[in-house]
Every structure is written in C-alpha cells, then in structure tokens.
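**Student:** Below are the structure tokens for one structure; questions will follow.
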C-alpha cells in the first residue's frame, strides 16, 4: 500500500459530542463498550476499506479532548484528506459551533479537504434539540454530505465513515460520484460498501 492508498481523516467538534465513541464503534465494533471510552487515550486508529475494488487505509485521527483547551493546531490538520465535523443532536450549542469548526478547517486545513457533517446521539430521540432538516439544509448550502449517527447503537456509523471515504475518493482519486444517501437516525442504509 502506498501513500495514495492512505486517507487521513479527522474527527472534530465540541467536547462530549461522541467523537471517540464514533471512532471506536467504527474501527472495533465487536469490542465497543460505551462505558469504557477514555477520551484522552485515543490518538488515531486505522481501518481498511474497499472502494471500487481498491483497498484503502483510513487513518482516523481523534482530537482526544484537546478541543476543550483550544490546543488543536495546524499540525493536526496537515495532510488531512477529510474531516468529519461532529455535533450532538441533544445539545444545540454543539450544533451552533459547527460554523466555527468549519472556519477552523478553512484556516488550517488543506485546500479542497472533504467534509461530512455528523449529528451524533440520534438514539436519544426524546432529548433531541437539533432538527435534522436544519442540519441537512446547512450541509446542502456547503455542498457536503450530512448524516445522523448513534455511536451507542451503531446506527449509521459505518455509513458516515464510508460517506467520508467516498467523498475523498471522488475528490482526490477521481472516482465517479456515488449515489448520495443522507440517512437520518433510524433510516436503514440503502447501499453497503465492502469493509475489510
């Protein structure tokens, strides 16, 4: 596998939106235990995926709590192909801060970096404060995919990371545009990619 077969993906967003849980649920779903997530123990994890018959290594970086102290620097963004911008659907402030995270991507990120907007904790339907249609409208304005996930139940977690990988593949490798699936919590996935 050469350098062009490695996609560096960042997870950013406010503290406690579930970035580390999303990372662990995606990279090690069989051993995921929400109560065991240590916010400062994860730097990055790898997972191999296949797109159009070609294997890619997703190198997924987590801020590991640094966002609380605003210590995320340009070096974190260096070489990134994609960014999952995460918020908590039960916390309006985390959604309101998405624009600030988008500005930070523009300030520090690589020109043309792929982005996906992720509303996490969609399993907490009775506590939901951020309407999916509002987030979808914002994502449409930015021209990026939007998806609601639940790291707790696993709903749409794989789909979020695959949407990111598809965006990177299309923008950096030149693959054809995939059919866009923008599921909200509870929506069954329409297509599935081959995961190794």
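Cβ atoms here come from the backbone N, Cα and C positions, even for glycine.
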**Student:** If Swiss-Prot is the reference, give me the range from 27-35, 36-44, 45-53 marked as motif 'Effector region'.
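**Tutor:** It is 36-44 that Swiss-Prot annotates as motif 'Effector region'.
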**Student:** Of all the binding-site residues given, 16, 122, which residue's CB has the most CB neighbours within 10 A?
**Tutor:** 122
**Student:** Just to be sure I understand the packing, how many Cβ atoms besides its own are within 10 Å of the Cβ of residue 19 (GTP binding site)?
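**Tutor:** Other Cβ atoms found within 10 Å: 29.
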